[in-house]
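Undergrad: So that we are looking at the same thing, I have put the structure below in structure tokens.
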């Protein structure tokens, strides 16, 4: 072969491609057909240009069905732009074996050619450094008699550099995990406001990574740099290559009646072309290969681009989810089970981590290494916290399982895997639907009883720990917004999973879905505060822009190739910058949440007043906290011991009911026997008032008395000797005892200031809450 021609061709074309080695080089190890009814194919193709020693090494082994004289047209494309063309006559160039061409084997043994310096100077230096540059060379064999193309092959050129880096994937995964852990630790320390913010940001960040992975899973012709970039986030979908996991998946499939694919293990005998559009179903190709058709090997490049035509008798074409698995070294039939196994493993590690942390805390407390009030809420109700964590994992894994399970419906890798897919996805849908309906019912009950949805949602620690993952990131009035979010995820996942045969349909659907969601979050602004709204709206904007880019990548607008190539680079740049900004924000918030003495000062109190309803046993350190605890009926010996609940959880998927009939009956029997609800002395002296002459507040009497000459008044009057609790039972009025030490326990000035309130004063409200608290909280 003429060296100037090939060198120029490979240089220019590789000048735009990825390099990953320390030594500068441009190379290609694949030769793919680029037209139908191809008459030439290669079982081996290796070309390497090394500028340091001005050499071009090559080795070609192939089969030709072309006979006669041909001319060769060489065309180099960079980012879709035709940058070099050359016409070559093999007879004039002394190319043995090509003048004339004969049917049969073509074997060009490994050879080295010296490349002139002037040819190498045509290659820009950026060609050796910029990752995933989109360049290729096409070679046309034209019959000299008819002038028609007898064969077309193309070589994808690379410099070895790529943005698909394991370090990037591990970094984003670790930061996301640390944010979730930081929110859990902060919540355990009693900083509920900080924990809610960090958890909301972590979940949104995780959702953004999954949205990036969705783009990589679409059957769209992605530019090389886009395909490589989105590959960094496939871990969020459970697509992680681990050797023994692949062995387990293959064994399981075989043992349950499936037939594992051997695509990766057959690269020496099967030509694999990673294209972005489907040419022929892969199963049909594999069947024909198994029936003994000639199979030829091409070292597969996972960022292949270019023309779509192929000789399907020699080439297996993969795209979309198959492409993602192939790039990670996972057999196509193992993709679903790989994602499923990692989801299960993640759940198991989380449960084990919670158990170990519980034992660790108890051990430190017994050894005196940790104060008894540290992580007290978690230690006292760790089973409820664990249930809430498991529900959160279901929410995090929902996008992953929607795509993989519904895609498995179209694959049917084995009967057992189909059963797993059906059971898993419909169980998750049922859990999330039930939990969402539970939140909506609790909020509506709270609105009906308290004119505020936040009261029941945040005042009951059991409800908050179990169902809070669905609503804490939203403001109280947008408690229902989890439903639109789940519908948004479900519809996106369905299109990605079920429309693998048409990337254009997927792209159009994603544009519409992302536009609707962006409008929804911009109009409603459902998140807890301005910062969280800005965080999530910015993610929605980026997702919408990315969907527009995806639509352009389908070439539905018939734009020039250079437009697609440049937009691919722009896609990578703005997503990389945005991802870095999000990671820094979440990392800083996580570090501050764990290290700061009082991280709640970084966040303004929620406007929905949720903070005043959130109960924490570990935070009842002041008299006013004890006042509120007693008024709600959750004193240190009451709520926590009995597990009382504000919500009526008789229809819950887990946990007992606070309105259990047997419990209510026993309570009412106790009341009839003269056993009235009581409070501890410290709480009693901080809330109830009387005068020495009156032992019980008479019906209709305005509560206006004194504690050690401190005037006390509130707008509520006692209109009945019995009051209704939430469950409908009646509670007798409680004897009130005067405590002469009340003035010593409370700061006089602050107490007088608080008691200046009239219609909505705090004391009256708390007394009212005491008489209306759940019956199960009364002792």
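Backbone N, Cα and C define each Cβ position, glycine as well.
TrEMBL does not curate its annotations; it predicts them automatically.
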Undergrad: Can you check which of 540-585, 586-631, 632-677 TrEMBL lists as region 'Disordered'?
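TA: That would be 632-677, per the region 'Disordered' entry in TrEMBL.
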Undergrad: Looking at the candidate ranges 289-309, 310-330, 415-435, report the one that TrEMBL labels transmembrane segment.
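TA: Among 289-309, 310-330, 415-435, the range TrEMBL annotates as transmembrane segment is 415-435.
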Undergrad: Quick one: which of 448-466, 505-523, 695-713, 714-732 does TrEMBL have down as transmembrane segment?
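TA: Of the candidate stretches, TrEMBL labels 505-523 as transmembrane segment.
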Undergrad: Out of 389-409, 746-766, which range is noted as transmembrane segment by TrEMBL?
TA: 389-409
Undergrad: In the domain 'ML-like' (24-164), how many residues does DSSP put in helix, strand and coil?
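TA: Tallied per class, the domain 'ML-like' (24-164) gives 8 helix, 76 strand, 57 coil.
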Undergrad: Applying the under-8 angstroms CB criterion, which one of 478-499, 505-523, 569-596 scores highest with the transmembrane segment (535-557)?
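TA: Most contacts with the transmembrane segment (535-557): 505-523.
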Undergrad: Could you pull out which residues elsewhere in the chain have a CB under 8 Å from any CB of the transmembrane segment (505-523), counting only those six or more residues past its ends?
TA: 214-215, 218-220, 484, 488, 491-492, 495-496, 499, 533, 536-537, 540-541, 543-544, 546-548, 550-551, 553-554, 556
Undergrad: Mean pLDDT, the domain 'ML-like' (24-164)?
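TA: The answer is 78, the mean pLDDT of the model over that range.
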